[in-house]
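Novice: I am attaching a structure below and will ask some questions about it afterwards.
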Amino acid sequence: MSLQKIHWMVTLQEVFYPALAAVGIPSNTITFLIILRRNCMLSKSSNFYLMAMSVADNLVLIFIVVLELSVKYYQQEPFWSYDPWCSVRDIFNYGAYNASTWLVVVFTVERFISIHTWKIKTKICTPRCAAWTITTVFLFSHLFAIPYYWSNASVYEKNQTRCIYNPEASLHFIHVLVSFQTLQAYIFPFLIILTLNGLTLRLISLSNRVHVTTNLTSRVSKIMPLLRSRKRKSVVLLVTVSMSFVLLSVTRAITQIILRTTDKYTLDRNDYSLEINIAADAGTMLSLSNAAANMYLYVCTQSKFRQEFFACIRQITFYCKTKL
């Protein structure tokens with residue numbers, strides 16, 4: 001039974017990760033170009049955040065999905081098994097993943113402020129502020145990943161070169177490193193996103209009740225449906241992007257906490273006779289799916305983006321036909 005599980009999980013991941021990259025990288029690139037060149041009826045600050053998320057997601061797909069996970073199933077000794085790549089690999093991996101995660105968080109914060117806090121909206125929800133925030137997120141995401149340079153080491157054992165946790169590194173250092181990564185990549189983002197989304201939905205619900213129970217003048221009553229429609233679109237975009245991130249990441253967050261805070265920390269992660277390893281790898285696949293999902297979320301929830309997307313598809317199809 002264990003051999004069947006090993007073969008099934010390895011085969012699934014061999015197919016899944018290259019397919020994820022093949023789908024995700026073009027879709028993120030298309031999303032970036034549509035938002036950059038087309039009018040999707042979004043605020044300029046939202047455009048900046050969504051384009052930055054597309055870039056960060058592509059970095060996740062390139063560094064983690066392609067160069068690490070896909071390569072390891074097709075090469076016995078991947079290039080990152082050797083120095084200096086073994087030491088710097090996780091700086092790029094965790095830097096990209098942290099940037100992708102925290103861009104969702106700051107986008108959630110920015111949209112929350114835009115929807116509810118009119119006094120500081122003009123200062124926070126601007127392209128200039130968005131550009132500085134995005135730059136800061138990318139910078140600190142990679143700075144916080146620098147300690148991983150000292151966590152890995154290239155070792156030769158069992159006739160194979162492998163990149164593993166540095167045997168000479170302090171166990172306390174490794175525990176602090178993985179605990180901090182779990183906090184900044186899962187716990188803190190989840191708490192912020194769930195809190196702000198809960199407050200958003202609660203305030204929207206309260207405002208709808210007030211609107212129903214208040215006698216409005218005819219002029220205001222004509223304006224309010226338009227305002228509610230715009231606010232509804234902002235809420236749908238906010239909740240869709242942020243909650244899909246939480247739902248796809250929660251399995252990996254739970255399994256990583258179990259693996260890193262219990263005696264299961266020393267388990268062989270390639271032993272698929274253990275249910276926790278199957279759950280952990282399934283959680284990783286779901287979590288990395290975040291990096292390829294946003295375009296499809298926009299198509300499903302944003303009518304203007306959907307129109308621009310299909311217009312681009314028609315142009316590409318027409319161009320291909322004229323070249324044949």
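Glycine is no exception: its Cβ is also placed from the backbone N, Cα and C atoms.
A quick note: this is a predicted structure, and the numbers were derived from the prediction, not measured.
Found this in TrEMBL, in case it helps:
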DOMAIN    27-298  domain 'G-protein coupled receptors family 1 profile'
TRANSMEM  15-36  transmembrane segment
TRANSMEM  48-71  transmembrane segment
TRANSMEM  91-109  transmembrane segment
TRANSMEM  129-150  transmembrane segment
TRANSMEM  186-204  transmembrane segment
TRANSMEM  235-258  transmembrane segment
TRANSMEM  278-299  transmembrane segment
Novice: Which residues of the same chain, at least 6 past either end of the transmembrane segment (278-299), have a Cβ under 8 Å from a Cβ in it?
Specialist: 5, 9, 13, 16-17, 20-21, 23-25, 27-28, 30-31, 50, 53-54, 57-58, 60-61, 64-65, 69, 100, 237, 240-241, 244-245, 248-249, 251-256, 259, 269, 272, 305-306, 309
Novice: Against the transmembrane segment (15-36), which of these stretches has the most C-beta pairs under 8 Å: 48-71, 91-109, 129-150, 186-204?
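Specialist: Looking at each of 48-71, 91-109, 129-150, 186-204 in turn, the most contacts to the transmembrane segment (15-36) are made by 48-71.
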Novice: Can you tell me which parts of the same chain pack against the transmembrane segment (186-204), counting only residues 6+ beyond its ends and a CB-CB cutoff under 8 A?
Specialist: 101-102, 104-105, 108-109, 112, 115-116, 231, 235, 238-239, 242-243, 245-246, 249-250, 252-253, 256-257
Novice: Report, as numbers and ranges, which residues of the same chain sit near the transmembrane segment (91-109): CB under 8 Å and 6 or more residues beyond its ends.
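Specialist: Sequence-remote neighbours of the transmembrane segment (91-109) are 46, 49-50, 52-53, 56-57, 59-60, 62-64, 68, 133-134, 137-138, 141-142, 144-146, 148-149, 181, 184-185, 188-189, 192-193, 196-197, 238, 241-242, 245, 290-291.
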Novice: For the transmembrane segment (129-150), could you work out the same-chain residues 6 or more beyond its ends whose Cβ comes under 8 Å from its Cβ atoms?
Specialist: 44-45, 48-49, 52, 56, 87-88, 90-96, 98-99, 102-103, 106, 110, 123, 166, 169, 173, 177, 180, 184
